[in-house]
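J.: Right, I'll just put the structure down here and ask away after.
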């Protein structure tokens, strides 16, 4: 008997309900739309966290379900941010420049306008011409298309090259890390056309919404992020629920057997890799207008590794686990490194959390990997009464490196 | 007799009186003083411009005291007595100065402060004086002074030095100084000899010589300036090449700008000028008959400007045809500053030959650089090659072990002030500490994850960020110095192009030593045998009485320990920070992956490939090391396409597929 999608995935409804309640609650408590209990900057932090949850879902799809430990998904996230940032920066600068030129005696020609904008944007890197990659920056629809196309194409080409030559496992992780590093180093150059290490800034000012206060814009972005997260969750749940999901889990557990069964393993992997890159790009495009600035440091390999950390702590192989991990760890990180946590006096030494949070995070990560491979999501199994079969110490999987049975039971 | 005596006395008296007389106005009579007196105005005035003849006259006078005077003048110890215009050396005494006659060295009475003026040459004049003094110093009995004089000539040479050098060339006893003098004489011949044949001979003698001094002497000869002349270039100019306007070397705009600058054509009216002119002539919302609001295109602005020009308010717009005609009527060319074409031709030929030699030597220098970079990568990667290659365990904290080694070196230097001893202590200590850390990590974390390589990656990453932050908490974020011993300072200079610092040589030697050590352990010891057995088949090895747990622990400790030693070496030439290891970790992984896992020769090849590749790419674009790294990583990604298992791939069951 064919079950409906929702019946097979009860967590989707629960998740959507929680997300809706959360968004509604924050809107009511916010400064811009409600009673003002939550500050605008915290609304932005929550909105950004939702975007991070979205990219964590992408990471969970590609790692927890398809078994590809990609250390490059933050590169796609950053690329999405750069693409939307180009339009935001261009349109805003255009407004400012047009206003200042309209006071001159002679109205400006289009060329003069364009070169004045270029001067304004690229003055910091000693250039006054638009690089070729800014050719679509004047148009919002085109840049929105690029948000999807650029990460998607990069993932398609990279994935095709990597999967075609059967690069798997740790090698693939290192290769994706190298890709991220190469991209970050490239963007750090001043002549990369994206303002070098200055990055793109002033992204929180939305062109065409100059009269709207930031407190309202922050709630808009919260809604947009929540909608994207909800949609992303449904798409991810749909992808992993049917036959397709079974195949990618099969690839994760034993790639060779799936290949022998006649499935085109490379095609499946490539699809998942590209899809998740696109999701990451969209998450980035929603994240950076809330952050206000993007620079190449955001793309550094360490960011992608943190993404893996979130998913691992939350529990990979289940979508809500990724969301919980990303939200919890990133909010805790913000809280601890923000310096608002009281110091812990030990008598002989005072633990200042700004300094010691990283140590705590690193060690807790080791502990989670060692003792709770299911992550926080594993707690739900305790509630549901699901338990892994007792194998009496025997090997859990068919092969070293394959995911264990108890993690793969869904 | 009496008369005779009286006459004698008289004579004596006269003689004494005469002598006294000479002593009284003695300085005035010496040729030195008369010479100085002749140039008194220039000397007293102390202007750089007028001083030349005075100094030259002194230098060429042939007087034995000339050198002393010049030296004293340079040292601000020369004084002028206002009353009679005589020059003295002086030292302060009670109530004024005690004067000494420069010619004889005899005391010449004293003077009050008001009676004498100190001659104070400014820095420009002192430099001229130094140049003049060189001639005397070249024959000084002390070889050090002669060498210093040669240095002075090499720094700023002038025409006069050539004759001076030639005069003393044959008498030089020291063969090394003689060779230097001869070389300098050839260089000065190029620059200053009036005879073109001699210059050409000297230039040709230097073909293929890569010294910086030769290039410095030759380059001014072939330097060109761009010039424009109506019709044909004037005869007698040494023309390097003719330029046609509109070519790549001389764009049309630039050519016309040259004409304007030379006053041969009226200035062109550009867009900015048109705009300014229009803005200045707005009348009632219209300019030249065109409404202001319509002036947002170039065509409308041209029309408005034409209107203004028709009204005589602005100069007429230059037509393109007019510009072409003006350009065609003039000749544009590059001319040499040097007038003799034969000399410039010889210099250009010599420079071409030199450029070839310099290129070859730069290649050699680049190869040395690349070799040292490769040895650094090899050192950083060899520990990783052991843990990743032999045990298939990926250790993201490897970089932090390198950092731990570097900090160990730093801490040891705080306790042992002698740098040589402290390095000798730090190397084994770093090995011991990181060995211990590696063993602890293997026991506590990694052995639980042997079947889950991806999770090892993440767990060791957790350790990596914890260790990094720990180092930040202990040592702070600023860089700590790890000072190398004095005998590692400086560099081995082979010629003006090729040089390599001793630290890099030491790192190269260290890398070779570790390669040898690794090969020895793996091939000649019991441990190596057991490690190879466990690598090939752990279960079979265990059934042969080998304890795989112990072997894994020792292997991991060994890899970590080598990382610690590499840390000390890397810390010697890079700043020790908590991010030191992070900077090397990706390159180290690349090295291992490119080389091929599980084979030390592969790691060596990988390090060599990456080192040479990075330096090679940097050579194409030296200003941009970021781009070099980007392209290198892209190359590696592509390389993996063709050899997914690295340069040297394991075959058969050991490959693990």
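Backbone N, Cα and C atoms are what each Cβ position is placed from, and that goes for glycine too.
Those TrEMBL annotations? Automatic predictions, nothing curated.
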J.: Examine the ranges B:469-497, B:585-613 and name the one recorded by TrEMBL as transmembrane segment.
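T.: Spelled out, TrEMBL records transmembrane segment over residues B:585-613, not the other listed ranges.
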J.: According to TrEMBL, transmembrane segment applies to one of these ranges: B:396-418, B:419-441. Which one is it?
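T.: Range annotated as transmembrane segment by TrEMBL: B:419-441.
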J.: Which of B:366-386, B:419-441, B:553-573, B:585-613, B:625-642 shares the most C-beta pairs under 8 angstroms with the transmembrane segment (B:502-522)?
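T.: Checked against B:366-386, B:419-441, B:553-573, B:585-613, B:625-642; highest Cβ contact count belongs to B:366-386.
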J.: At a Cβ cut-off of 8 Å, and with pairs 6 or more apart in sequence only, do we get at least 3 pairs between the transmembrane segment (B:553-573) and the transmembrane segment (B:419-441), yes or no?
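T.: Since 3 or more Cβ pairs under 8 Å link them, the transmembrane segment (B:553-573) and the transmembrane segment (B:419-441) do come into contact.
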J.: So which of B:419-441, B:585-613, B:625-642 is most in touch with the transmembrane segment (B:366-386), counting Cβ pairs under 8 Å?
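T.: Going through each listed stretch, the top one turns out to be B:585-613.
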J.: Which bits of the chain, at least 6 residues beyond where the transmembrane segment (B:419-441) starts or stops, bring a Cβ under 8 A of a Cβ in it?
T.: 397, 401, 404-405, 408-409, 412-413, 460, 463, 483-487, 553-554, 556-565, 567-568, 572
